[in-house]
Every structure is written in C-alpha cells, then in structure tokens.
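For reference, the structure discussed in these notes is given below.
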Amino acid sequence: MASKNGAGSVASDFEGKTSMDPSYRPEKGTDLEYKDKSRVLVLYTGGTIGMRIHDGVYTPEPNFLVNELRKLSIFHDQEYVVKHSTPEPNFLVNELRKLSISHDQEGMNSPLCMPLSKEKAYVVYCVYEYEPLLDSCNMTMDDWARIASDIKTYYEGFDGFVILHGTDTMAYTASALSFMFENLGKPIILTGSQIPIFETRSDGRDNLLGALIMAGNSKIPEVMILFNNKLLRGNRSTKFNSSSFDAFHSPNFPPLAVLETEIHVHRDKIFPSNTTQECTLYTDLCPSVGILRLFPTITTAMVRQFLAPPLKGMVLESYGAGNAPDSREDLMQVFSEARERGVLLLNITQCHRGSVSPGYATGQALTVAGVIPGSDMTPEAALTKLAFVIGREDWSSEDKKKKLSQNLRGELGGFMWY
C-alpha cells in the first residue's frame, strides 16, 4: 500500500496538521465564483522549462517560475483577479487552508488565473515548487512516490493535476504514476519543454498552456504527457528526439487528444476507469528490476551476472517480434534458472514500433524458457510495470505472472492502429 511521503513533499510539510475536508466548497460571494471554474494543482519538480542560463549552461532557478508567470497575460489574468477580489482571502486560498496545503510559497498563497477561454471557463491554478528542483536524470522511485503521494493527498480538492518535469525521464515517471493510481478519476498531465519557458523562442509556453487547459477541462481520467500539442497516454509514450519540439511519440497507440484550431479528444481511445470506486494509491515499487538488451554474441556469463541476486525482475529487449537465438541453449538455460529462482522475466521488442509475437521459433524459445511476452509495451512501461507488480505483496507469484500479460492501465495491445 502507500508508503510514507518523502521529506520535503507537500504532504510531509503539513503532516499532523488539520486534516483534509473533502466536502468543503467555497461559499458564494467570495473572491472568485466557483461556477465555470476548474482548479488545477501544478507540481513543479524541475526540468528545463523553468531553468535560466548561468555561466553559459541551463540550471534550475528556485523561486523564479511563478513570479515570471504572473507577468505573462496568457498565464495570469490579474485584471480579473483584482476586479473580483474582496477584503477576504480569495476562495482558493481558503480552500487550500481547508486542504492543509502549505501556502508559504508565493505560488500557493496567491493562485494564478488563466484568461477566460472561448468556452467561458476559467482555470485557476496553484504552483507548488519542489525543493530542491530536480533535473529528471536524478529522479528515483522515491521521487515518483513523493509526486504520487502529493497528488493523492489533495486529490479531492482539485479537478486536475499538472506535473512540470524534465523530459529525459518523463516517460518513466508517467508510466510509473499510471500503475500506482488505481481507479483514477481525474487528469494527471506531465509536461516540460526543450527550451526554457522564458526564452524568446520556447515550446514551454504552448506545452504548459495546453496542459493547464486539458487538466482543467478534459476530464480524461488518465496519466498523460502533453507535448507539441499532442496529449499522449503516459505509459505509451517514449522520448523520441533529444532536440525537436516534437520530442515524444506514442509508437503503438494514437494520441488521446490533438490541440489544433479545435481540440479533438478521441474519447473512444480513453482507457476506462472505475470512477465509482475510491481512487487508490500504491507506492511500493520494487527497485530490484532492470533492462537487458540482447545483442549478437552476448555472453552467458554477462547475462548470468545481470540476473544474479538481488535482481527480482528483468525486461528483456529482444530482436524483432520478440526473438532470441534459439540455438543458444546456454542462454536459454540461464533464463530458465532465473525463472526457477523466482525472477520475473518480461519480453519486449527492441523496435520502436511493433509487438512481441509468438509466430517465430526463436520467440517460442524464450517463452519455453519462462520469459513472459510483453506485447507492445515501451521499455519505460515494461520496467515500471514490473516494479509495480513485484511490489504488490498482496498478489501471489502466479497472480504477478498473469498481471504482467494483462492490460492494467492501457499500456499494451492494439499496436496496429494505422
């Protein structure tokens, strides 16, 4: 079940203080009318989007993002806020106090409000800045748990959530969060940028605007990535390009929405969630997992060493449609030995697009050795799913094997979509 929150998280800042009151709603006549307004919590974990140049390189800049967003009319309608202000604290600050969210930060104490959209709706949002801000290369499973725990703690108080995140490991975080939340009923959208948002040229402005709009209005109950005007299922996404604004692809599944002159939401592609049940969070991920990519002449000794304890699960990136050298009985024997020790082995393709298929004898050899077919999962989804499944102590060994082949959060199946 859910593990303890990491030090410095939103939740841990207020541990032991006034409990959340999920039934609270602002009264009429307060600062901003509650009708036709959606509330979004932005968790700013770090990444290029909020960086500045120091000594010729991009570095995180604490206490910078929110103040700069206030200066941009596309992100904050100060005139509307002033026009509708009262001597009393505005409604969202009151609500934050009820929710026990720390409002010592500027972005929490004084929420921002996007300009009125053509749909006559406002998105009011708060930004909580993590300390320290992280380059996503430094993200760990503990950070995933911290983000998930903060969202769960304030789940009832907001209509959607945006996570500002570095691009390098964004797909890993999105995949992990998708498995950690069960019966998710609200949008969780990760975004970032290739160029900092306050540079003259930046993809960050459109990415953040799109994420706020979709988090506040789409009601898509999934963990997603918004990049370059495409809303992708998080556990179907992978970073495809290190320099293009079109940095993320969903190779085996179509976008859930495309933001053009109109916003086109593909409702038939949304993964069904049991929103009649309470949203549940599981943060106990197993860290003893890894990815091994097959290559010609890989040695048995190398594979055996990789599979040695404390490893509990391995994603095998095999050739083509899930193939491996069936003439290598020594290699198949190593996989069989690992399976007998209880190591879970999951087979995915090295190809950017496609799926593991049982149609070749070289693929059947892996299945016989106990390697579980992983369909068309991305490496990021396969690894985080493996960590999630192994971490579920309430599931038996047989249950875990079955779960790896099942479509838990829309992470596998249907790669022939075009």
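Every residue, even glycine, has its Cβ placed from backbone N, Cα and C.
Note: TrEMBL annotation is automatic and uncurated.
What TrEMBL records for 1-30 is region 'Disordered'.
Per TrEMBL, the feature compositional bias 'Basic and acidic residues' maps to 14-30.
As annotated by TrEMBL, domain 'L-asparaginase N-terminal' applies to 39-269. In the predicted model, the domain 'L-asparaginase N-terminal' (39-269) has a mean pLDDT of 88.
As annotated by TrEMBL, active site applies to Thr48 (among others). Non-local neighbourhood of Thr48 (active site): Tyr58, Gly166, Thr167, Gly192, Ser193, Gln194, Ile195, Pro196, Gly204, each in the same chain, at least six residues away, with C-beta under 8 Å from its C-beta.
Among the features that TrEMBL reports, active site is placed at Thr167 (among others).
Per TrEMBL, domain 'Asparaginase/glutaminase C-terminal' is recorded for 289-394.
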Cβ neighbour count within 10 Å of Thr167 (active site):
22
